[in-house]
Amino acid sequence: MAEVLRPEMLDISNDTSSLASPKLLHVLAVDDSMVDRKFIERLLRVSSCKVTVVDSATRALQYLGLDGENNSSVGFEDLKINLIMTDYSMPGMTGYELLKKIKESSAFREIPVVIMSSENILPRIDRCLEEGAEDFLLKPVKLADVKRLRDSLMKAEERAFKNIMHKRELEANDIYSQLKRAKI
């Protein structure tokens, strides 16, 4: 008599190491002002975030490997960015232009991008939000802003994790049903 297979006996991978841990978010902070960079870095670290800081949009693209050259500082598989926070007004390339390049990238378009600026210019804010910015924060950024962003991202990561685990459970049950019908 054949042994009946149950879902827990199936070799369905439960390895979730490739999924982002909702405990420590990795933020890429982009600002040409050293004072603002240090300030946002401090706020993010106090909020339990891993932080990588760069001083320009060009350096951010290099870090992400989106500069068209193969000189990224890290390998793609090691690069898990949960959020990009960028100043709007920077020499060379604005935060808006960086946002557009990120949203054009198939590898990074899903990463939320937050634009920061000391200038409260409504058409600029609207343009950034229409282009796909997650939020637009006025400087100086407050700890409450960072905590709100972090909490929102952690909830989104948790929902994504639960959705993946639910999908895997449904797949296992489907395989189990198929095997049961086939009487294997």
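Using the three backbone atoms N, Cα and C, a Cβ is placed for every residue, glycine included.
The domain 'Response regulatory' annotation in Swiss-Prot covers 26-154, and the record cites sequence analysis as its basis. The 4-aspartylphosphate annotation in Swiss-Prot covers Asp87 and rests on sequence analysis.
Break the domain 'Response regulatory' (26-154) down by DSSP state and the numbers are 56 helix, 25 strand, 48 coil. Every protein chain shown contributes to the tally, and the Cβ of the residue listed as '4-aspartylphosphate' ends up with 24 other Cβ atoms within 10 Å.
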